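Take a look at the structure set out below.
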């Protein structure tokens, strides 16, 4: 099995395209089941966040796996294959491992170094595990990605250099308001992970009073109580909007919550002297209807604007340190993967030896029926010990050699020498020519030639 990543992110797709590609949590089990039902896909994890939609898959072939994944994405999202391909990137084997680790460390985030992606990756892995679509390869990849992400945050200053998306967005809000957030009334719409982060960040920055609203009132109450905020019914959304200066919108609603009509009514009761009403739309699909940005007295900061305005580079030293961690961990993972690839060959060799021993002991029993049970047992134990000792050193050594770059040749030689029948896969790091199956249009400029490992 080989590792393949197919996805789109804020780097390759505008927010409107990401909205169309986003897979709602309720739809994840079906999408995952469809992925592993494809002929070339055996394992799958689907990551769908505000800034990216990615499929991590174990595939038996590059071209077939790519075609299967693109077909399921088109089916699950309703996006025509041609439109889908315009925004996709592809990473294969070593490049896929590197991409996974860069995502986990926050190096690939809109705001470099933000740690929220770790929780999102963990959630995606739990969804896939619950749907029984992970196996040895993706289990190990996800576990190591989460570990590498934690290591990057604990061993470097990337947490200080890189802000969370909410922190960065609120930094832009202070510029638009021409003041800090102290004593600025705020509203958070949504009580999920991003909404919770919004309340926490607003409280830390001294904004207040802070109100929280959510379709599920209980969650809003619990979140508000945790930070000394106030929960308000979703039915009071318009009235509350007229009393605040900052809104963090981060729901998982399928349609816009802050429509032009709702905001217009709120503005009618809001004093112009308060300055602009700043709406931070951090949701995918968008919580703020596009036409709201045209209203006088309103400033909308959405994901597209974040990508254009946020300086998302941490200090050079911190970024370089994290890149070094990623490079080291990628090498370690590839060593493990190469060792895992040789395991079936070693198992086949030991199986062949066991079969030979069984056959020869059977022949001995026929030729020497006079042997007692104790004698036959002693002979069997002796022969097994001899075989195990003969095999121990070469099998240990071939595992060591296979873990080195180019080590796949040793397993191949072992199969050739002993005429072992082991299912063959292309070695790690072997990059096929990118020829997309006829069922899927050629990938557009956003897609990566896997031989480059580009971002």
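Cβ coordinates are placed from backbone N, Cα and C, and glycine is handled just like the others.
Record features, source Swiss-Prot:
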type	residues	note
BINDING	49, 50, 51, 52, 109, 114, 115, 116, 120	substrate binding site
ACT_SITE	50	active site, nucleophile
SITE	99	site 'Important for activity'
BINDING	190, 191, 192, 193, 194, 195	NADP(+) binding site
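When secondary structure is read from DSSP and collapsed to three states, residue 191 (NADP(+) binding site) falls in the coil class. Secondary structure at residue 99 (site 'Important for activity'), as computed by DSSP, is helix.
Neighbour counts of Cβ atoms within 10 Å were compared for the binding-site residues 120, 195, and the top value is held by 195. Excluding 190, 191, 192, 193, 194, 195 themselves, the residues of that chain whose CB lies within 8 A of the CB mean position for the NADP(+) site are, in sequence, 188, 196, 197, 198, 214, 250, 251, 252.
In the shown protein chains, 26 other C-beta atoms lie within 10 A of the C-beta of residue 50 (active site, nucleophile). Taking 49, 51, 115 as the binding-site residues under consideration, the smallest Cα distance to residue 190 (NADP(+) binding site) is found for 49. For residue 49 (substrate binding site), the same-chain residues that are 6 or more apart in sequence and have a Cβ closer than 8 Å to its Cβ are 117, 120, 284. Looking only at Cα atoms, residue 99 (site 'Important for activity') sits nearest to 109 among the recorded positions 50, 51, 109, 115, 192. With all protein chains in the displayed structure included, the most crowded Cβ environment within 10 Å among the binding-site residues 115, 191 is that of 191.
Remark: of the binding-site residues 190, 192, the most isolated position is 192 (fewest other Cβ atoms within 10 Å of its Cβ).
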